[in-house]
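Structure first, then comments.
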Amino acid sequence: MKLVKDSSISRRGALLGAAASGVFLGTGVATAQTTAPLASPPVRRNISSFSTSNWRDHFDNLNNGAILCDIDSRAVQYWSEDESVYKLYPSSVPESEELTKRGYTSVIKKVEGPSWRPTPSMKIRNPDWPDYFPPGPDNPLGTHALYLSWQYYRVHGTGDTRKIGRQSSNGCIGLYNEHIKELFALAEVGTQVKLF
């Protein structure tokens, strides 16, 4: 069986083809479009809701530095002890108020390449989850984790960049992996942390 290609072009097809190729008809002369081709719209981040804070409104001092996790604006701020370094990062926050713990804590451990085990309550909500996630690109804690004095709570990275700027965690504060790597280098064991 031999296939025969229909070479006829409808008026609509010709107009759509001309529009797609950037050629305008109607003046008797075909003119190539001189403007730059349409580019993808720039990626928009959820930065409009960021609000910077004065550390004095939340901490008595900057001994060991301070990390402020603002649940409402979905941002993490860091101040070094001598105030020479200030950082502001977009973050993910807990999915619901029930999963959100607010108050003061501190960094008690720093782990590069963390492993992860779901908490007992996570396993109840998600029984299909594995009991253990080894370090690596699929680990929910990302590349680095700051363990807080509250059991099960962390400031950590994530390989799932869609989570940042959203209510998407089970209680932890998540950062882009490149941001947690930077914060990991700045923060030390003993850094004060406030979630509000």
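Each Cβ is built from the backbone N, Cα and C atoms, and glycine gets one as well.
A TrEMBL annotation is a machine prediction, not a hand-curated record.
Listed in TrEMBL for this protein:
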| type | residues | note |
| --- | --- | --- |
| ACT_SITE | HIS156 | active site, proton donor/acceptor |
| ACT_SITE | CYS172 | active site, nucleophile |
| DOMAIN | 65-196 | domain 'L,D-TPase catalytic' |
| SIGNAL | 1-32 | signal peptide |
**Message:** Looking at the domain 'L,D-TPase catalytic' (65-196) alone, can you tell me the average pLDDT?
**Reply:** 97
**Complete:** Its residues classified by DSSP, the domain 'L,D-TPase catalytic' (65-196) shows 22 helix, 51 strand, 59 coil
